[in-house]
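What follows is a short report on a single structure.
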Amino acid sequence: MKPIKVGLLGLGTVGTGVVRIVEKHQSDLESQVGSPIVIEKILVQNKDKARSISIDQHKLTDDVWEIIHNPEIDVIVEVMGGIELTRSYILEALSRGKHIVTANKDLMALHGPEILSKAQEHGCDVLYEASVAGGIPIIRTLIEGFSSDRIMKIMGIVNGTTNYILTKMSQEGADYSEVLKEAQALGYAEADPTSDVEGLDAARKMTILATLGFRANVALEDVDVKGISAISREDILYAKRLGYEVKLLGIAERQDDYISVSVQPTMVKRSHPIASVNGVFNAVYVYGEAVGETMFYGPGAGELPTATSVVADLVAVVKNLKLGVNGKQEKIAYKEKKLKTDEQIASKYYLLLHVADRAGVLARITQAFAEFEVSLESVLQQPNPSNPEAEIIIITHDANKASMKKVLNSLEDMEVVKTIKSVYRVEG
Ligand SMILES: NC(=O)c1ccc[n+]([C@@H]2O[C@H](COP(=O)([O-])OP(=O)(O)OC[C@H]3O[C@@H](n4cnc5c(N)ncnc54)[C@H](OP(=O)(O)O)[C@@H]3O)[C@@H](O)[C@H]2O)c1
């Protein structure tokens with residue numbers, strides 16, 4: 001049987017896993033697709049670098065055109081990362097009729113529509129299962145498993161670094177900066193952690209999930225992003241005391257045909273399944289109008305988990321090749337995108353205020369909420385022994401974002417409110 005020849009762009013963490021899985025599972029893969037799968041050439045930056053797997057040196061190249069211009073190569077697996085250079089390689093490969101498998105969320109979040117439309121133009125497949133939540137097959141699930149339902153809400157813990165940090169802060173009562181340093185030492189956080197801790201990585205993944213879930217082209221600019229770097233030990237402590245965990249959640253919601261997408265630290269009721277997702281694990285909770293609640297859990301990164309998703313995509317491309325149906329997938333984003341206004345985005349909120357410790361303060365504060373029609377679920381006032389100010393903890397009922405902004409402006413102007421320490425969305 002004629003082998004299917006694959007060009008691999010990148011032999012780092014994920015690329016190495018892809019080589020291992022293709023070698024180790026070769027006979028199973030061949031039984032599934034009816035041909036051997038051969039990794040013909042591998043693009044690297046440095047051919048002389050020591051590798052953790054033994055690899056035929058002749059397969060390595062530092063010239064991408066040796067792969068893209070090779071007429072024998074049917075599929076290109078892109079696991080080198082990067083945006084602009086990678087985009088140009090992929091567009092050129094597509095124009096030459098090569099199918100693409102990629103793990104690159106940055107590329108798909110920023111240039112997904114362009115790449116997918118180029119693929120359609122040339123009758124090619126572009127699959128990107130590993131780009132969100134590494135080893136969890138969430139992309140195929142959203143496209144195929146939910147095709148008969150109407151997804152109303154997606155909530156994701158889609159960044160392992162921030163979930164590791166928040167879990168440690170919660171379990172050990174540690175400070176943010178302390179845990180970040182530890183995560184960096186363990187290799188769970190980058191030397192420059194900005195993209196993870198400020199929520200950008202999660203926002204890119206939510207762009208992809210929301211596009212698939214709501215069948216409309218959601219762009220990165222549509223995602224309201226707030227990271228975890230301002231979360232204090234005090235926040236975590238109060239959350240726990242009230243029965244919540246603080247998680248960096250990507251939240252994509254639909255009401256009628258209007259959608260909103262955000263990434264923000266959220267207080268999640270401990271009884272909610274996503275509250276118990278700890279450490280570097282990822283989870284995606286999907287609420288379908290018909291099916292109700294579902295949740296998908298697993299490793300969000302790592303060599304073999306990520307590579308299993310990449311190779312599963314490779315198998316799908318090869319099956320399509322055999323059936324002659326590459327590039328024939330339905331258009332995913334067929335709906336017009338309608339974004340909710342701040343008046344339409346509703347949730348419960350948690351606020352921690354430091355206020356003057358004197359009579360009548362609580363009444364003035366609750367009055368500000370009443371003025372903008374935000375009703376309160378609970379209010380807790382307690383003196384702070386280390387501080388002349390008192391602390392007020394407020395949890396609202398569902399309130400729209402526009403009203404909450406007005407309440408916050410009004411609190412900021414009050415002489416009795418010394419600091420608005422924290423404001424978080426509440427789920428569950
Ligand atoms: N790591 C994960 O767990 C994970 C999970 C999900 C998705 N992803 C995505 O998968 C992709 C790869 O991640 P990774 O962690 O495997 O990256 P990595 O370990 O840094 O490996 C990158 C590989 O690409 C090669 N490379 C990079 N730039 C190149 C260039 N300009 N020309 C030629 N070769 C180049 C490098 O060559 P050398 O080896 O010679 O340096 C290396 O082999 C990224 O898009 C990432 O976001 C990763």
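Using N, Cα and C of the backbone, Cβ positions are placed for all residues, glycine too.
TrEMBL does not curate its annotations; it predicts them automatically.
Taking the Cβ of Val14 (NADP(+) binding site) as centre and 10 Å as the limit, one finds 28 other Cβ atoms among all the protein chains shown. As annotated by TrEMBL, NADP(+) binding site applies to Leu9, Gly10, Leu11, Gly12, Thr13, Val14, Gly15, Thr16.
What TrEMBL lists as NADPH binding site is Lys105. Note on Lys105 (NADPH binding site): other Cβ atoms within 10 Å of its Cβ, all shown chains, come to 23. In the three-state DSSP reading, Lys105 (NADPH binding site) counts as helix.
Glu190 (L-homoserine binding site): 14 other CB atoms within 10 A of its CB, across all protein chains. Here TrEMBL flags Glu190 as L-homoserine binding site.
If you look up TrEMBL, you'll see Lys205 marked as active site, proton donor. Annotation note: Lys205 (active site, proton donor) sits in a helical segment as assigned by DSSP.
Averaged over the domain 'ACT' (350-425), the predicted model reaches a pLDDT of 94. Annotation source TrEMBL lists domain 'ACT' at 350-425.
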Item to complete: Would you mind reading off the Cα separation of Thr16 (NADP(+) binding site) from Lys105 (NADPH binding site), to the nearest angstrom?
Response: 19
Worksheet item: For Gly10 (NADP(+) binding site), what residues in its own chain, 6 or more apart in sequence, show a Cβ-Cβ distance under 8 Å?
Response: Ile42, Leu43, Val44, Glu78, Val79, Met80, Gly81
Fill in: Distance-selected recorded positions near ligand 1 (C-beta under 6 Å), from Thr13, Thr16, Lys205
Thr13
Item to complete: Return the residue, from the listed binding-site residues Gly12, Gly15, with the maximum count of other C-beta atoms within 10 angstroms of its C-beta.
Response: Gly15
Worksheet item: Could you give the Cα-Cα distance between Lys105 (NADPH binding site) and Leu9 (NADP(+) binding site), in whole Å?
Response: 15
